[in-house]
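Over in TrEMBL, the protein carries these features:
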BINDING   B:97, B:100, B:101, B:155, B:190, B:240, B:245, B:256, B:257, B:258  Mo-molybdopterin binding site
DOMAIN    B:116-274  domain 'Oxidoreductase molybdopterin-binding'
(Lines of atoms letter the chains of each structure in order from A; the text may use other names.)
(Lines give C-alpha, C1' and ligand atoms only; values in the text may rest on other atoms or scores of the structure.)
Protein backbone atom coordinates (compact mmCIF):
# COMPACT_ATOMS: atom_id res chain seq x y z
CA UNK A 1 0.00 0.00 0.00
CA UNK A 2 2.83 2.36 0.91
CA UNK A 3 4.33 1.68 -2.51
CA UNK A 4 1.19 3.05 -4.14
CA UNK A 5 1.29 6.35 -2.28
CA UNK A 6 3.69 8.08 -4.72
CA UNK A 7 1.30 7.20 -7.53
CA UNK A 8 -1.67 8.45 -5.53
CA UNK A 9 0.17 11.67 -4.68
CA UNK A 10 1.00 12.19 -8.32
CA UNK A 11 -2.62 11.63 -9.27
CA UNK A 12 -3.94 14.05 -6.65
CA UNK A 13 -1.44 16.70 -7.73
CA UNK A 14 -2.48 16.20 -11.33
CA UNK A 15 -6.15 16.69 -10.50
CA UNK A 16 -5.24 19.76 -8.46
CA UNK A 17 -3.30 21.12 -11.41
CA UNK A 18 -0.29 21.27 -9.17
CA UNK A 19 2.25 19.90 -11.65
CA UNK A 20 3.04 23.14 -13.42
CA UNK A 21 2.69 24.09 -17.05
CA UNK A 22 4.07 20.81 -18.38
CA UNK A 23 2.62 18.00 -16.24
CA UNK A 24 3.61 15.36 -18.83
CA UNK A 25 7.30 15.82 -18.17
CA UNK A 26 6.85 15.84 -14.39
CA UNK A 27 4.78 12.65 -14.41
CA UNK A 28 7.36 10.79 -16.50
CA UNK A 29 10.18 12.02 -14.28
CA UNK A 30 8.41 11.17 -11.02
CA UNK A 31 7.46 7.65 -12.16
CA UNK A 32 11.08 7.05 -13.15
CA UNK A 33 12.28 8.36 -9.81
CA UNK A 34 10.06 5.93 -7.92
CA UNK A 35 11.04 3.01 -10.14
CA UNK A 36 14.69 3.64 -9.28
CA UNK A 37 13.97 4.19 -5.60
CA UNK A 38 12.06 0.92 -5.39
CA UNK A 39 14.80 -0.94 -7.25
CA UNK A 40 17.37 0.35 -4.78
CA UNK A 41 15.08 -0.66 -1.89
CA UNK A 42 14.78 -4.15 -3.38
CA UNK A 43 18.54 -4.36 -3.52
CA UNK A 44 18.79 -3.12 0.06
CA UNK A 45 16.75 -6.00 1.50
CA UNK A 46 19.58 -8.54 1.62
CA UNK A 47 22.25 -6.29 3.16
CA UNK A 48 19.84 -4.90 5.75
CA UNK A 49 18.63 -8.38 6.65
CA UNK A 50 22.16 -9.69 7.06
CA UNK A 51 23.48 -6.69 8.97
CA UNK A 52 20.49 -6.13 11.24
CA UNK A 53 19.10 -9.65 11.26
CA UNK A 54 15.63 -8.55 10.16
CA UNK A 55 14.51 -11.87 8.62
CA UNK A 56 10.96 -10.60 8.12
CA UNK A 57 12.26 -8.18 5.47
CA UNK A 58 12.64 -11.08 3.03
CA UNK A 59 8.88 -11.35 2.67
CA UNK A 60 8.82 -7.81 1.26
CA UNK A 61 11.50 -8.32 -1.35
CA UNK A 62 9.30 -9.81 -4.03
CA UNK A 63 6.68 -7.12 -3.55
CA UNK A 64 9.30 -4.35 -3.82
CA UNK A 65 10.63 -5.95 -7.00
CA UNK A 66 7.17 -6.16 -8.52
CA UNK A 67 6.47 -2.53 -7.70
CA UNK A 68 9.76 -1.61 -9.34
CA UNK A 69 8.51 -3.24 -12.52
CA UNK A 70 5.11 -1.62 -12.12
CA UNK A 71 6.58 1.91 -11.87
CA UNK A 72 9.06 1.25 -14.68
CA UNK A 73 6.22 0.17 -16.98
CA UNK A 74 4.16 3.22 -16.02
CA UNK A 75 7.24 5.38 -16.64
CA UNK A 76 7.53 3.99 -20.18
CA UNK A 77 3.78 4.22 -20.82
CA UNK A 78 3.69 7.83 -19.62
CA UNK A 79 6.66 8.65 -21.85
CA UNK A 80 5.06 7.04 -24.90
CA UNK A 81 1.61 8.52 -24.25
CA UNK A 82 2.14 11.97 -22.73
CA UNK A 83 5.38 12.94 -24.44
CA UNK A 84 5.30 11.03 -27.73
CA UNK A 85 1.55 10.65 -28.21
CA UNK A 86 2.16 7.14 -29.58
CA UNK A 87 3.65 8.61 -32.73
CA UNK A 88 5.35 5.38 -33.85
CA UNK A 89 7.87 7.17 -36.03
CA UNK A 90 9.10 9.27 -33.10
CA UNK A 91 8.92 6.38 -30.65
CA UNK A 92 11.03 4.18 -32.89
CA UNK A 93 13.80 6.74 -33.30
CA UNK A 94 13.76 7.54 -29.57
CA UNK A 95 14.01 3.86 -28.63
CA UNK A 96 16.89 3.21 -31.00
CA UNK A 97 18.80 6.46 -31.26
CA UNK A 98 18.97 8.04 -27.82
CA UNK A 99 21.57 6.19 -25.75
CA UNK A 100 19.90 6.97 -22.43
CA UNK A 101 16.54 5.72 -23.68
CA UNK A 102 18.13 2.58 -25.18
CA UNK A 103 19.68 1.55 -21.86
CA UNK A 104 16.47 2.41 -20.02
CA UNK A 105 14.42 0.26 -22.38
CA UNK A 106 16.94 -2.56 -22.09
CA UNK A 107 16.72 -2.47 -18.30
CA UNK A 108 12.93 -2.68 -18.47
CA UNK A 109 13.15 -5.56 -20.95
CA UNK A 110 15.43 -7.47 -18.60
CA UNK A 111 13.02 -6.91 -15.74
CA UNK A 112 10.31 -8.85 -17.60
CA UNK A 113 11.74 -12.37 -17.03
CA UNK A 114 12.34 -11.53 -13.39
CA UNK A 115 8.77 -10.41 -13.00
CA UNK A 116 7.38 -13.50 -14.75
CA UNK A 117 9.39 -15.85 -12.54
CA UNK A 118 8.66 -14.07 -9.30
CA UNK A 119 6.07 -16.58 -8.05
CA UNK A 120 6.82 -19.25 -5.48
CA UNK A 121 5.91 -21.95 -7.99
CA UNK A 122 8.39 -20.64 -10.54
CA UNK A 123 11.00 -20.35 -7.86
CA UNK A 124 10.55 -24.04 -7.03
CA UNK A 125 10.47 -25.09 -10.67
CA UNK A 126 13.64 -23.24 -11.61
CA UNK A 127 15.54 -24.39 -8.54
CA UNK A 128 19.10 -23.14 -8.55
CA UNK A 129 18.59 -21.51 -11.96
CA UNK A 130 16.19 -19.08 -10.31
CA UNK A 131 18.93 -17.48 -8.31
CA UNK A 132 21.12 -17.22 -11.37
CA UNK A 133 18.34 -15.63 -13.40
CA UNK A 134 17.53 -13.16 -10.67
CA UNK A 135 21.11 -12.02 -10.36
CA UNK A 136 20.22 -10.15 -13.57
CA UNK A 137 19.13 -7.48 -11.12
CA UNK A 138 22.78 -6.37 -10.83
CA UNK A 139 23.34 -5.53 -14.51
CA UNK A 140 19.84 -4.04 -14.56
CA UNK A 141 20.71 -1.70 -11.70
CA UNK A 142 23.83 -0.58 -13.54
CA UNK A 143 21.85 0.10 -16.72
CA UNK A 144 19.31 2.06 -14.71
CA UNK A 145 22.09 4.09 -13.11
CA UNK A 146 23.51 4.83 -16.54
CA UNK A 147 20.02 5.80 -17.78
CA UNK A 148 19.83 8.24 -14.87
CA UNK A 149 23.37 9.60 -15.20
CA UNK A 150 23.01 10.28 -18.92
CA UNK A 151 20.23 12.70 -18.14
CA UNK A 152 22.38 15.02 -16.07
CA UNK A 153 22.31 18.48 -17.54
CA UNK A 154 23.99 20.78 -15.10
CA UNK A 155 23.47 19.43 -11.60
CA UNK A 156 24.32 15.91 -10.55
CA UNK A 157 23.34 16.07 -6.88
CA UNK A 158 20.52 13.51 -7.10
CA UNK A 159 22.46 11.10 -9.31
CA UNK A 160 25.40 11.37 -6.95
CA UNK A 161 23.31 10.19 -4.01
CA UNK A 162 21.81 7.28 -5.97
CA UNK A 163 25.26 6.23 -7.22
CA UNK A 164 26.72 6.23 -3.68
CA UNK A 165 23.85 4.09 -2.40
CA UNK A 166 24.20 1.66 -5.32
CA UNK A 167 27.94 1.43 -4.77
CA UNK A 168 27.31 0.48 -1.13
CA UNK A 169 24.60 -2.07 -2.03
CA UNK A 170 26.68 -3.79 -4.71
CA UNK A 171 29.95 -3.32 -2.85
CA UNK A 172 28.56 -5.18 0.14
CA UNK A 173 27.81 -8.18 -2.08
CA UNK A 174 31.29 -8.13 -3.55
CA UNK A 175 32.66 -8.01 -0.02
CA UNK A 176 30.59 -11.07 1.00
CA UNK A 177 31.69 -12.93 -2.11
CA UNK A 178 35.32 -12.11 -1.50
CA UNK A 179 35.07 -13.35 2.09
CA UNK A 180 33.37 -16.62 1.25
CA UNK A 181 35.80 -17.62 -1.48
CA UNK B 1 -6.14 41.64 -31.54
CA UNK B 2 -8.80 41.08 -28.92
CA UNK B 3 -11.26 40.12 -31.61
CA UNK B 4 -8.83 37.57 -32.99
CA UNK B 5 -8.31 36.04 -29.59
CA UNK B 6 -12.01 35.69 -29.00
CA UNK B 7 -12.55 34.06 -32.37
CA UNK B 8 -9.74 31.62 -31.65
CA UNK B 9 -11.24 30.84 -28.31
CA UNK B 10 -14.47 29.77 -29.96
CA UNK B 11 -12.59 27.43 -32.26
CA UNK B 12 -10.99 25.50 -29.44
CA UNK B 13 -12.53 22.03 -29.17
CA UNK B 14 -14.37 21.65 -25.88
CA UNK B 15 -12.01 18.84 -24.86
CA UNK B 16 -9.17 21.33 -24.85
CA UNK B 17 -10.88 23.82 -22.59
CA UNK B 18 -9.84 23.73 -18.98
CA UNK B 19 -12.85 22.98 -16.82
CA UNK B 20 -13.98 25.80 -14.59
CA UNK B 21 -13.19 23.97 -11.37
CA UNK B 22 -9.65 23.17 -12.50
CA UNK B 23 -9.22 26.75 -13.64
CA UNK B 24 -10.35 28.14 -10.31
CA UNK B 25 -8.16 25.67 -8.52
CA UNK B 26 -5.22 26.87 -10.58
CA UNK B 27 -5.97 30.46 -9.69
CA UNK B 28 -6.10 29.61 -6.02
CA UNK B 29 -2.78 27.78 -6.28
CA UNK B 30 -1.08 30.63 -8.00
CA UNK B 31 -2.40 32.93 -5.35
CA UNK B 32 -1.13 30.73 -2.58
CA UNK B 33 2.24 30.19 -4.17
CA UNK B 34 2.90 33.78 -4.93
CA UNK B 35 0.82 35.83 -2.56
CA UNK B 36 3.85 36.79 -0.50
CA UNK B 37 5.58 38.27 -3.48
CA UNK B 38 2.69 39.51 -5.56
CA UNK B 39 2.62 43.19 -6.16
CA UNK B 40 -0.68 44.95 -5.64
CA UNK B 41 -2.85 44.65 -8.71
CA UNK B 42 -2.91 48.32 -9.56
CA UNK B 43 -2.84 50.32 -12.77
CA UNK B 44 -2.30 47.71 -15.39
CA UNK B 45 -0.45 49.25 -18.35
CA UNK B 46 -3.05 50.29 -20.85
CA UNK B 47 -1.21 48.52 -23.65
CA UNK B 48 -1.87 45.14 -22.08
CA UNK B 49 -5.58 45.85 -22.21
CA UNK B 50 -5.42 47.18 -25.74
CA UNK B 51 -3.49 44.14 -26.91
CA UNK B 52 -6.02 41.86 -25.30
CA UNK B 53 -3.69 40.01 -22.96
CA UNK B 54 -6.03 38.21 -20.70
CA UNK B 55 -4.28 38.05 -17.38
CA UNK B 56 -6.69 36.87 -14.71
CA UNK B 57 -6.96 39.40 -11.90
CA UNK B 58 -5.55 37.05 -9.31
CA UNK B 59 -2.41 36.08 -11.21
CA UNK B 60 0.70 38.07 -10.39
CA UNK B 61 1.57 40.93 -12.69
CA UNK B 62 4.83 42.77 -12.78
CA UNK B 63 4.44 46.50 -13.38
CA UNK B 64 8.20 47.05 -13.15
CA UNK B 65 9.93 50.10 -11.70
CA UNK B 66 8.10 53.40 -11.95
CA UNK B 67 10.50 54.76 -14.55
CA UNK B 68 9.70 51.87 -16.88
CA UNK B 69 5.91 51.89 -16.68
CA UNK B 70 5.22 54.71 -19.08
CA UNK B 71 7.48 53.05 -21.62
CA UNK B 72 5.76 49.69 -21.25
CA UNK B 73 2.39 51.35 -21.62
CA UNK B 74 3.33 53.10 -24.83
CA UNK B 75 4.70 50.00 -26.59
CA UNK B 76 3.35 49.40 -30.08
CA UNK B 77 2.75 46.04 -31.75
CA UNK B 78 5.21 45.27 -34.52
CA UNK B 79 2.84 43.26 -36.68
CA UNK B 80 5.38 42.61 -39.38
CA UNK B 81 7.73 40.75 -37.07
CA UNK B 82 5.02 39.00 -35.04
CA UNK B 83 3.71 35.50 -35.66
CA UNK B 84 -0.02 34.82 -35.58
CA UNK B 85 0.24 31.51 -33.65
CA UNK B 86 -1.92 31.26 -30.57
CA UNK B 87 -0.22 32.69 -27.48
CA UNK B 88 0.83 30.56 -24.54
CA UNK B 89 -1.35 31.44 -21.54
CA UNK B 90 0.37 33.95 -19.28
CA UNK B 91 0.17 31.44 -16.43
CA UNK B 92 2.30 28.96 -18.38
CA UNK B 93 4.83 31.53 -19.55
CA UNK B 94 5.57 32.72 -15.99
CA UNK B 95 5.61 29.31 -14.29
CA UNK B 96 7.54 27.13 -16.76
CA UNK B 97 11.06 28.47 -16.88
CA UNK B 98 14.58 27.28 -17.32
CA UNK B 99 16.63 29.67 -15.22
CA UNK B 100 19.17 27.34 -13.67
CA UNK B 101 20.52 29.96 -11.31
CA UNK B 102 17.30 29.50 -9.35
CA UNK B 103 17.15 25.69 -9.67
CA UNK B 104 17.00 23.04 -12.37
CA UNK B 105 13.32 22.17 -12.08
CA UNK B 106 11.04 24.16 -14.39
CA UNK B 107 9.00 25.23 -11.37
CA UNK B 108 11.99 26.41 -9.32
CA UNK B 109 12.37 29.89 -10.85
CA UNK B 110 8.81 30.98 -10.08
CA UNK B 111 9.23 29.64 -6.54
CA UNK B 112 12.61 31.12 -5.76
CA UNK B 113 13.02 34.24 -7.89
CA UNK B 114 10.17 36.37 -6.55
CA UNK B 115 12.39 38.42 -4.25
CA UNK B 116 15.18 38.77 -6.79
CA UNK B 117 16.22 42.43 -6.81
CA UNK B 118 16.06 43.82 -10.36
CA UNK B 119 16.00 47.57 -9.72
CA UNK B 120 18.29 49.52 -9.64
CA UNK B 121 20.28 47.64 -12.27
CA UNK B 122 23.57 48.41 -13.98
CA UNK B 123 24.91 47.10 -17.26
CA UNK B 124 28.57 47.19 -18.16
CA UNK B 125 29.45 47.89 -21.79
CA UNK B 126 33.01 46.82 -22.54
CA UNK B 127 35.55 45.64 -25.08
CA UNK B 128 35.89 46.84 -28.67
CA UNK B 129 33.55 49.77 -28.34
CA UNK B 130 33.93 53.56 -28.43
CA UNK B 131 31.74 54.24 -25.41
CA UNK B 132 32.48 51.64 -22.73
CA UNK B 133 31.28 52.15 -19.20
CA UNK B 134 28.86 51.23 -16.44
CA UNK B 135 25.40 52.44 -17.25
CA UNK B 136 22.14 52.49 -15.31
CA UNK B 137 19.54 50.39 -17.08
CA UNK B 138 17.32 53.45 -17.07
CA UNK B 139 19.88 55.37 -19.12
CA UNK B 140 20.44 52.47 -21.48
CA UNK B 141 16.73 52.28 -22.22
CA UNK B 142 16.04 56.02 -22.33
CA UNK B 143 16.33 56.65 -26.09
CA UNK B 144 14.54 53.47 -27.21
CA UNK B 145 10.83 53.10 -27.88
CA UNK B 146 9.45 49.68 -26.99
CA UNK B 147 7.79 47.33 -29.43
CA UNK B 148 5.48 44.40 -28.79
CA UNK B 149 6.48 41.30 -30.74
CA UNK B 150 4.96 37.85 -30.68
CA UNK B 151 7.73 35.29 -31.12
CA UNK B 152 8.00 31.53 -31.10
CA UNK B 153 10.28 30.26 -28.34
CA UNK B 154 11.77 26.82 -29.01
CA UNK B 155 13.66 25.10 -26.20
CA UNK B 156 16.39 22.59 -27.02
CA UNK B 157 14.45 20.15 -24.80
CA UNK B 158 11.87 20.04 -27.60
CA UNK B 159 9.04 22.05 -26.09
CA UNK B 160 7.93 25.42 -27.37
CA UNK B 161 5.71 28.38 -26.50
CA UNK B 162 4.52 31.52 -28.22
CA UNK B 163 5.20 34.64 -26.18
CA UNK B 164 4.58 38.38 -26.67
CA UNK B 165 7.69 40.30 -25.66
CA UNK B 166 8.16 44.02 -25.09
CA UNK B 167 11.57 45.26 -26.15
CA UNK B 168 13.69 47.01 -28.73
CA UNK B 169 16.13 45.78 -31.38
CA UNK B 170 19.57 44.94 -30.04
CA UNK B 171 20.95 46.59 -33.19
CA UNK B 172 19.75 50.00 -31.95
CA UNK B 173 21.55 49.56 -28.65
CA UNK B 174 24.75 48.36 -30.32
CA UNK B 175 24.86 51.34 -32.69
CA UNK B 176 24.65 53.77 -29.78
CA UNK B 177 27.79 52.46 -28.13
CA UNK B 178 29.74 52.51 -31.39
CA UNK B 179 31.61 49.23 -31.65
CA UNK B 180 34.97 49.45 -33.40
CA UNK B 181 35.86 47.60 -36.58
CA UNK B 182 37.43 44.89 -34.42
CA UNK B 183 34.12 43.98 -32.83
CA UNK B 184 33.14 40.66 -34.46
CA UNK B 185 31.18 39.11 -31.58
CA UNK B 186 28.96 40.24 -28.72
CA UNK B 187 29.17 38.44 -25.40
CA UNK B 188 26.48 38.67 -22.72
CA UNK B 189 26.82 37.84 -19.05
CA UNK B 190 24.12 37.10 -16.47
CA UNK B 191 24.41 38.44 -12.94
CA UNK B 192 26.57 36.47 -10.49
CA UNK B 193 24.88 36.64 -7.11
CA UNK B 194 25.29 33.61 -4.88
CA UNK B 195 23.21 35.23 -2.15
CA UNK B 196 20.13 35.46 -4.32
CA UNK B 197 20.68 32.54 -6.69
CA UNK B 198 20.80 29.20 -4.90
CA UNK B 199 22.05 27.05 -7.78
CA UNK B 200 25.15 29.24 -8.06
CA UNK B 201 26.05 27.89 -4.61
CA UNK B 202 25.43 24.23 -5.51
CA UNK B 203 28.37 21.86 -5.06
CA UNK B 204 27.00 19.53 -7.73
CA UNK B 205 26.57 22.00 -10.55
CA UNK B 206 28.57 21.72 -13.75
CA UNK B 207 28.00 25.23 -15.08
CA UNK B 208 30.77 27.69 -14.35
CA UNK B 209 28.77 30.72 -13.20
CA UNK B 210 28.06 33.38 -14.26
CA UNK B 211 26.11 32.25 -17.31
CA UNK B 212 27.60 33.55 -20.54
CA UNK B 213 26.17 33.63 -24.06
CA UNK B 214 27.17 35.25 -27.31
CA UNK B 215 26.25 36.15 -30.86
CA UNK B 216 28.15 36.94 -34.01
CA UNK B 217 27.89 40.64 -34.83
CA UNK B 218 25.62 40.12 -37.87
CA UNK B 219 23.30 37.92 -35.78
CA UNK B 220 23.20 40.58 -33.10
CA UNK B 221 22.38 43.26 -35.69
CA UNK B 222 19.54 41.24 -37.27
CA UNK B 223 16.23 43.08 -36.89
CA UNK B 224 14.69 40.05 -35.14
CA UNK B 225 17.19 40.10 -32.27
CA UNK B 226 15.40 41.73 -29.39
CA UNK B 227 16.42 43.13 -26.02
CA UNK B 228 13.35 42.49 -23.91
CA UNK B 229 12.22 44.28 -20.75
CA UNK B 230 8.65 43.03 -20.71
CA UNK B 231 6.12 40.41 -21.74
CA UNK B 232 2.33 40.25 -21.97
CA UNK B 233 2.16 44.04 -21.61
CA UNK B 234 3.98 44.00 -18.27
CA UNK B 235 7.56 44.19 -17.11
CA UNK B 236 9.51 40.93 -17.22
CA UNK B 237 8.92 38.74 -14.17
CA UNK B 238 12.18 37.86 -12.38
CA UNK B 239 11.86 34.20 -13.39
CA UNK B 240 11.69 35.25 -17.04
CA UNK B 241 14.94 37.19 -16.89
CA UNK B 242 14.13 40.60 -15.45
CA UNK B 243 15.09 43.33 -15.87
CA UNK B 244 16.85 42.87 -19.23
CA UNK B 245 17.12 39.76 -21.40
CA UNK B 246 17.95 38.78 -24.91
CA UNK B 247 15.43 37.12 -27.24
CA UNK B 248 16.79 35.40 -30.36
CA UNK B 249 13.76 33.62 -31.79
CA UNK B 250 15.50 31.48 -34.42
CA UNK B 251 17.85 29.92 -31.87
CA UNK B 252 17.21 27.48 -29.03
CA UNK B 253 16.04 29.17 -25.86
CA UNK B 254 19.32 28.88 -23.98
CA UNK B 255 20.86 31.48 -26.30
CA UNK B 256 18.34 34.04 -25.05
CA UNK B 257 20.29 34.93 -21.93
CA UNK B 258 18.49 36.38 -18.92
CA UNK B 259 19.19 39.16 -16.41
CA UNK B 260 22.09 40.69 -18.34
CA UNK B 261 24.74 42.72 -16.47
CA UNK B 262 27.46 42.87 -19.10
CA UNK B 263 27.64 43.32 -22.86
CA UNK B 264 31.14 42.79 -24.19
CA UNK B 265 32.38 43.29 -27.75
CA UNK B 266 35.25 41.08 -28.88
CA UNK B 267 37.25 40.09 -31.90
CA UNK B 268 37.12 36.37 -31.11
CA UNK B 269 34.20 33.99 -30.60
CA UNK B 270 33.27 34.01 -26.90
CA UNK B 271 33.07 30.77 -24.93
CA UNK B 272 29.48 30.14 -23.92
CA UNK B 273 28.18 28.39 -20.81
CA UNK B 274 26.41 25.35 -22.28
CA UNK B 275 29.10 24.89 -24.88
CA UNK B 276 31.74 24.76 -22.13
CA UNK B 277 29.64 22.34 -20.06
CA UNK B 278 28.83 19.88 -22.87
CA UNK B 279 30.51 20.85 -26.15
CA UNK B 280 29.20 17.79 -28.00
CA UNK B 281 25.63 18.72 -27.16
CA UNK B 282 25.54 22.50 -27.36
CA UNK B 283 27.24 24.53 -30.05
CA UNK B 284 27.85 28.25 -30.26
CA UNK B 285 25.21 28.78 -32.94
CA UNK B 286 22.30 26.71 -31.55
CA UNK B 287 20.09 27.52 -34.52
CA UNK B 288 16.78 25.67 -34.38
CA UNK B 289 17.29 22.89 -36.91
CA UNK B 290 14.98 19.89 -37.35
CA UNK B 291 17.67 18.11 -39.38
CA UNK B 292 20.31 18.08 -36.65
CA UNK B 293 19.41 16.11 -33.53
CA UNK B 294 20.60 16.88 -30.06
CA UNK B 295 21.96 13.62 -28.56
CA UNK B 296 19.08 13.53 -26.06
CA UNK B 297 16.20 15.13 -27.88
CA UNK B 298 15.07 14.71 -31.43
CA UNK B 299 14.72 18.17 -32.92
CA UNK B 300 12.40 17.09 -35.75
CA UNK B 301 9.27 17.78 -33.71
CA UNK B 302 8.37 19.79 -30.63
CA UNK B 303 5.58 19.87 -28.06
CA UNK B 304 3.87 23.24 -28.26
CA UNK B 305 2.80 24.16 -24.75
CA UNK B 306 0.17 24.04 -23.40
CA UNK B 307 0.04 20.39 -24.37
CA UNK B 308 -2.72 18.09 -23.19
CA UNK B 309 -1.76 14.78 -21.58
CA UNK B 310 -3.60 12.38 -23.82
CA UNK B 311 -3.03 14.15 -27.11
CA UNK B 312 0.27 15.98 -26.78
CA UNK B 313 0.40 18.97 -29.06
CA UNK B 314 3.25 17.71 -31.26
CA UNK B 315 4.15 19.93 -34.22
CA UNK B 316 6.93 19.72 -36.78
CA UNK B 317 9.88 21.95 -36.00
CA UNK B 318 10.67 24.46 -38.73
CA UNK B 319 14.20 25.34 -39.87
CA UNK B 320 15.36 28.40 -37.94
CA UNK B 321 12.15 28.06 -35.93
CA UNK B 322 10.16 29.41 -38.87
CA UNK B 323 12.35 32.50 -39.32
CA UNK B 324 14.40 31.13 -42.24
CA UNK B 325 13.36 33.97 -44.58
CA UNK B 326 14.86 36.53 -42.22
CA UNK B 327 18.00 34.72 -41.09
CA UNK B 328 19.00 31.82 -43.37
CA UNK B 329 21.29 34.14 -45.36
CA UNK B 330 23.47 34.63 -42.27
CA UNK B 331 24.62 31.02 -42.52
CA UNK B 332 25.08 30.72 -46.26
CA UNK B 333 27.80 28.23 -47.11
CA UNK B 334 28.09 26.96 -43.53
CA UNK B 335 27.68 23.26 -42.72
CA UNK B 336 25.04 23.53 -40.01
CA UNK B 337 25.62 19.99 -38.76
CA UNK B 338 29.16 21.06 -37.96
CA UNK B 339 28.31 24.57 -36.76
CA UNK B 340 25.35 23.40 -34.68
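Backbone N, Cα and C define each Cβ position, glycine as well.
Heads up, TrEMBL stuff is auto-annotated, nobody curated it.
Spatially close to residue B:190 (Mo-molybdopterin binding site) yet at least six residues away along the chain are B:101, B:210, B:211, B:212, B:257, B:258, B:259, B:260, B:261, judged by Cβ distances under 8 angstroms.
The Cβ of residue B:97 (Mo-molybdopterin binding site) has 25 other Cβ atoms within 10 Å, all protein chains considered. Here residue B:245 (Mo-molybdopterin binding site) comes close to B:227, B:228, B:236, B:256, B:257, B:258, B:259, B:260: these same-chain residues lie at least six apart in sequence, with C-beta atoms under 8 angstroms from its C-beta. A coil conformation is recorded for residue B:257 (Mo-molybdopterin binding site) in the three-state DSSP classification, outside any helix or strand. The 10 Å shell around the Cβ of residue B:101 (Mo-molybdopterin binding site) contains 29 further Cβ atoms across the protein chains shown. Residues listed for Mo-molybdopterin, B:97, B:100, B:101, B:155, B:190, B:240, B:245, B:256, B:257, B:258, cover a largest CA to CA span of 19 Å.
If you draw a 10 Å sphere around the CB of residue B:257 (Mo-molybdopterin binding site), it holds 24 other CB atoms from the protein chains shown.
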